[in-house]
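Participant: Structure in structure tokens, see below.
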Amino acid sequence: MIYAEILAGGKGTRMGNVNMPKQYLPLKGKPIIVHTIEKFILNDRFEKIIIATPKDWINHTQDIIKKYIFDSRVIVIEGGTDRNETIMNGIRYVEKEFGLNEDDIIVTHDAVRPFITHRIIEENIDMALEFGSVDTVIPAVDTIVESTNHDFITDIPVRGNIYQGQTPQSFNMKTIQKHYNNLTDDEKQILTDACKICLLAGEKVKLVNGGISNIKITTPYDLKVANAIVQERINS
């Protein structure tokens, strides 16, 4: 089976003085998260589309879905204390409700990346089925510098080898669950990226090409850019 999990656990602290998490802010008349969900319901390969949200925002999320989304595959669950725990909550939900099979995969995506394309979703599904672990990336445009002391440059990696991470990140569910459960509590605090967990466990993580417009809306500037993208698509 193929599942999607939209990660809607962000608090929106970088968005400034707003009274709700950023995924619920309006984008051309609809909450950002609705734009994101709409991209996933267009894909009929998903058995369920899981929305993982903070406990205090479950009812609000359900109300939004009733208003905008008419697809019985969409369900809302409580997210975890951090990103990886939220992913695991999605897997635990599937395990409890349907059981886990060896080839079950989950496509995890940021709720605040509303411009994901059908192509990116399809490639994540196909590559996760084949390779087990997938990350979505775009080539780095700017030169990246590393500073281990936060004062002087300690390294400048070759730009041609550097990519910027996006989402989705997609996984064989049994495999990522096993690797996560093998971590110590301290490791769980340090390893905040699920793909890093796979790498440390010796798994190869397949790259899927993302897109320049697959932006993450985390700041007021990002929201302005997102509105401009939507307006441009309306005009065209």
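First residue shown is number 1, and so on along the chain.
Glycine is treated like the rest: Cβ placed from N, Cα and C.
Quick paste from Swiss-Prot:
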BINDING   Leu7, Ala8, Gly9, Gly10, Gly80, Thr81, Asp82, Arg83, Asn84, Glu85, Thr86  CTP binding site
SITE      Arg14  site 'Transition state stabilizer'
SITE      Lys22  site 'Transition state stabilizer'
SITE      Arg159  site 'Positions ribitol 5-phosphate for the nucleophilic attack'
SITE      Lys216  site 'Positions ribitol 5-phosphate for the nucleophilic attack'
Participant: Through the lens of DSSP with three states only, how would you label Asn84 (CTP binding site)?
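Facilitator: Helix, per DSSP.
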Participant: Judged by the number of other CB atoms within 10 angstroms, which among Gly9, Gly80 is the least packed of the binding-site residues?
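Facilitator: The binding-site residues Gly9, Gly80 were compared, and Gly80 has the fewest Cβ atoms within 10 Å.
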Participant: Taking only the Cα atoms, work out how far Asp82 (CTP binding site) lies from Lys22 (site 'Transition state stabilizer'), in Å, as a whole number.
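Facilitator: About 16 Å separate the Cα atoms of these two residues.
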Participant: Specify the count of other C-beta atoms within 10 Å of the C-beta of Leu7 (CTP binding site).
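Facilitator: Within a 10 Å radius of the Cβ of Leu7 (CTP binding site) lie 26 other Cβ atoms.
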Participant: Could you say which of the recorded sites Lys22, Arg159, Lys216 has its Cβ with the most other Cβ atoms inside 10 Å?
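Facilitator: The residue with the most neighbouring Cβ atoms within 10 Å is Lys22.
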Participant: For Asn84 (CTP binding site), which residues of its chain lie six or more apart in sequence with Cβ-Cβ distance below 8 Å?
Facilitator: Tyr180, Lys188, Leu191, Thr192, Ala194, Ile197
Participant: Among the binding-site residues listed here (Leu7, Gly9, Gly80, Thr86), which has the Cα closest to the Cα of Arg159 (site 'Positions ribitol 5-phosphate for the nucleophilic attack')?
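Facilitator: Comparing Cα positions, the closest of these binding-site residues turns out to be Leu7.
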Participant: Could you state the whole-number distance in Å separating the C-alpha atoms of Lys22 (site 'Transition state stabilizer') and Leu7 (CTP binding site)?
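Facilitator: Lys22 (site 'Transition state stabilizer') and Leu7 (CTP binding site) have their Cα atoms 12 Å apart.
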